[in-house]
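Positions annotated as domain 'Fatty acid desaturase' by TrEMBL: 87-347. Summarising the annotation, TrEMBL assigns region 'Disordered' to 1-24. According to TrEMBL, the feature transmembrane segment maps to 55-74, 86-104, 116-136, 180-197, 226-244, 250-273.
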Amino acid sequence: MGGGGRMSDPPSGKKTAAEALKRAPHEKPPFTIGDLKKAIPAHCFEKSLVTSFRYLIQDLLMAYALYYVATNYIDQYLPSPLNYVAWAAYIAVQGCVLTGAWVVGHECDHDAFSNYNWINDLVGLVVHSSLLVPYFSWKISHRRHHANTQSLENDEVYVPRFKSNIRNYYKLLNNPPGRVLVWLTTLLIGFPLYLMFNVSGHKYERWTSHYDPHSPLYSDRERKEIIISDIAILAVIYGLYQLVLAKGFAWVFCVYGGPLLVVNGWFVLITILNHTHPSLPYYDSTEWDWLRGALCTVDRDYGILNKVFHNVCNAHVCHHIFSMIPHYHGLEATEAMKPILGEYYQYDGTPILKAMYREMKECIYVEKDEGETKGVYWYRSKF
């Protein structure tokens, strides 16, 4: 994990806390999306079916190798309690590897996997469903998030609270043990709760779920795709049920369930930290526009996991501006844009555990600056 603060170049040294929390520019940028696109080498926009499959197969082979070693050697050769330690290590490492596969599947959401829509959807459906994510349902809501990033009225997920909406129980949790508890709960069940009950998502007038074909998330023409997603999820659940009958719940949990919890935890952590930072503004409808919203993301440093996660964490700004760029070109495109982005490029190399605690402490609700008439909102922490 990196050390440092917000800067326009990769971290070469630590920054002070004040520099790390310096507010990002919120005025309309002096450049256009066209200027940024011209700065990026043309080949960065090219998608290679062979390269995309190479990364996916690489992840799957690594996952199989871990599975093979775990199921053939841990219980057979390690005495208790060393076998429990080995299973815990397997769950942690396998969860990271499968998060990489999740990221490659996520490329399909944005048609960045290949130039063929049917291949993108087929691969995305298989990969996401295997990890109990409804592919088309997620693809639709996730694209809406990309279309409305940092919009208080229209962003699809991680919509911040206003001070008036803070409930009393949250004030009780505004302390070190409470923040740790909130993080653990969020990482453990946050993603399933979002998919099932739209927890932390955009507020709709009625009950909303990614599994409901008639959810307000979707249009009439999209409902068949939601049904396909649900059928695929049910097929995976049925397969897991058969595995439980054959192998037992403990075996299925250790081999699949535990790593899946790690995948969900990493996904939630990555998305929260890429979009939550004391320096980032939110906009209401009077100020928001697409480019300013897309610029309100922050690249993070996860150390060696940057490669395992295919640079989705440290090239996230680029991903929000040009989501069709494949992950294997993300870093090059980021470097090409930096001279134009200038202060609009946000990077924070603060160690991840420290950043988790700081963001949970400092980013509780949003409000305007005192006397501010524009629709620009900043994170606050004082009740």
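The backbone N, Cα and C atoms fix where each Cβ goes, and this holds for glycine too.
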Could you give the mean pLDDT over the domain 'Fatty acid desaturase' (87-347), rounded to a whole number?
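Averaging the confidence scores along the domain 'Fatty acid desaturase' (87-347) gives 96.
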Residue list, the transmembrane segment (86-104) vs rest of chain: Cβ under 8 Å, 6 or more residues beyond ends.
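The answer is 52, 55-56, 59-60, 62-63, 66-67, 69-70, 74, 78, 113, 127-128, 131, 133, 254, 258-263, 265-267, 305, 308-310, 312, 327.
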Between the stretches 55-74, 180-197, 250-273, which wins on the count of C-beta pairs under 8 angstroms to the transmembrane segment (226-244)?
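By the under-8 Å Cβ criterion, the transmembrane segment (226-244) pairs most with 250-273.
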What residues elsewhere in the chain lie close to the transmembrane segment (180-197), defined as a C-beta under 8 angstroms and at least 6 residues from its ends?
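For the transmembrane segment (180-197), the sequence-distant neighbours (Cβ-Cβ under 8 Å, at least 6 residues beyond its ends) are 133-134, 137-138, 157, 173, 207-211, 261, 264-265, 267-269, 272, 356, 360.
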